[in-house]
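Participant: For reference, TrEMBL lists these features for the protein:
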- A:1-26: region 'Disordered' (REGION)
- A:36-60: transmembrane segment (TRANSMEM)
- A:108-341: domain 'ABC transmembrane type-1' (DOMAIN)
- A:112-133: transmembrane segment (TRANSMEM)
- A:145-166: transmembrane segment (TRANSMEM)
- A:205-229: transmembrane segment (TRANSMEM)
- A:261-281: transmembrane segment (TRANSMEM)
- A:320-344: transmembrane segment (TRANSMEM)
């Protein structure tokens, strides 16, 4: 349009803030308002909502964590029962209770453990999958869209399907294991019977393995797309130089592609750290018996922090003070992990 | 015109400089995929699609097919209507727990409402803010934008206790407001729109509109909105997927109520200590359908959104 002719003009006049001056004196107050105030109006919805529903809740959780905040239901002599919140400042008592109790420590170890055993294979497989996609492919779109099916499937839906896959007696996972001759005994005494596969929920390693499969089923394709995006922005002549030295496809991936997309790898590590610390749906729904209460199966083998906070606040204990203290301790861990991440990234980045 | 001319040099990959080396050292993108490549990708595709396909099959059978010994059932059966009727409490059958608290249809509709409102608001607010951060000058712009990016790394988990208390005080627990209002804007949306607008609209166009006397809002409506329409589509799709799949917060804030959304509805399909999984899977399959359809229709845009959003980060 006419834009090009004016372009030269205004480029000479340097800078956006000069714009107002062209309008003449009659609109100068409006022009000032438009330049000085309107930008803040445009960005304000985000900040208002984030302060109200992002920051304030975190601060408020801190206040709650210094109180006993138990919902109690006293029954009066008349037989009426009334919901009553008793709030009382108790200082650090909640923190003391959380830290001296094995439940939180165990949940934290479960969360961190599940993060490590799921993130490493997940990012590895995502890299491999991305390099499979990073070829001249027929039906390219079909493959790229197809690997997103797990990502768009509602997490509750897919987890409930996997919960039946890992069912003890005739789940599909056990059918596959049965093909390889793996069997286990279920039932006591005369009722004992041989079934294919294993009892997934009986041991920590098998329960964790099942959860890792669910988590990685969901996120590998998504991460692969992120890697693919980064891989496609690598200049092509890098590979030309490398191939002259005789690098094969596998070596090409690890010694050229991966170092070139290191920022993206760091980005996905951060993403999966954040995601893992909030791991909730999979461990909650992995219980075959939803009424089993405290969660995480026998001995809470796979109960995560998010699940414990949920149970403490909204489950039987109904103790928001304790749940708030747990949230804040989790926050400390998040900050520590973020600092550690930044430190490692700097170190890796700096060495280059 | 100017916009495309500006963008072209960035978007276009550099042409290979050494043509003679191309045969030896083709970049992976230029290397045709071998059959093994296709085989592996097909296996991945199958594994990704199988759970939902199988849930669809199971929505047409009773529980005995879920737990049959031997190979899984792969063809549909006659019981879809039966499962649907039990799930939605049109009929009651001995051996099935009551599903009165699930209100599947209502939860489904609630989720549709939440998604519509959240997507509309997110597109509007995020493109406004993204425009301001990309093209306007104001004091504190850069620190404020870094703050937006920083909030991307704060897990929602941290404030969940406080958020519930606040909702309780406001009287929003068990209403759609509790799951709608906090989601009206997103840090990712602001970030994504800012990156897109920065690249897509040259400063000169905005500048010249300014010179002609256009206000900030007019610049937004007449220049920014038409240009960023593809990005709005992408952001809308990703926002819709996230809003539809909300689980933990929805479970706490509206679970079991009239304002229940689809996530907690599925959670509550597991009644008693030995849930009827044919019913659970019927619900799971139906809850996945809208997004499967969305992926089939708009898959390219979703893929593009994820890939673009990532590279610009």
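Even glycines carry a Cβ here, placed using N, Cα and C.
Since this is a predicted model, take the numbers as computed values, not measurements.
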Participant: Do the transmembrane segment (A:112-133) and the transmembrane segment (A:261-281) come close, with at least three CB pairs under 8 A (pairs 6 or more apart in sequence)?
Facilitator: yes
Participant: What parts of the chain pack near the transmembrane segment (A:205-229), using Cβ distances under 8 Å and only residues at least 6 beyond its ends?
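Facilitator: Contacts of the transmembrane segment (A:205-229) (Cβ under 8 Å, skipping residues fewer than 6 from its ends): 113-114, 117-118, 121-123, 125-127, 129-130, 133-134, 144, 147-151, 153, 155, 158-159, 162, 166, 173, 198-199, 261, 264-265, 267-268, 271-272, 275-276, 279, 282-283, 286, 297, 301-302.
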Participant: Using a Cβ cut-off of under 8 Å, list the residues of the same chain at least 6 residues beyond the transmembrane segment (A:145-166) that approach it.
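Facilitator: Same-chain contacts beyond the ends: 129, 133, 172-174, 200-201, 210, 213-214, 217-222, 224-225, 281-282, 285-288.
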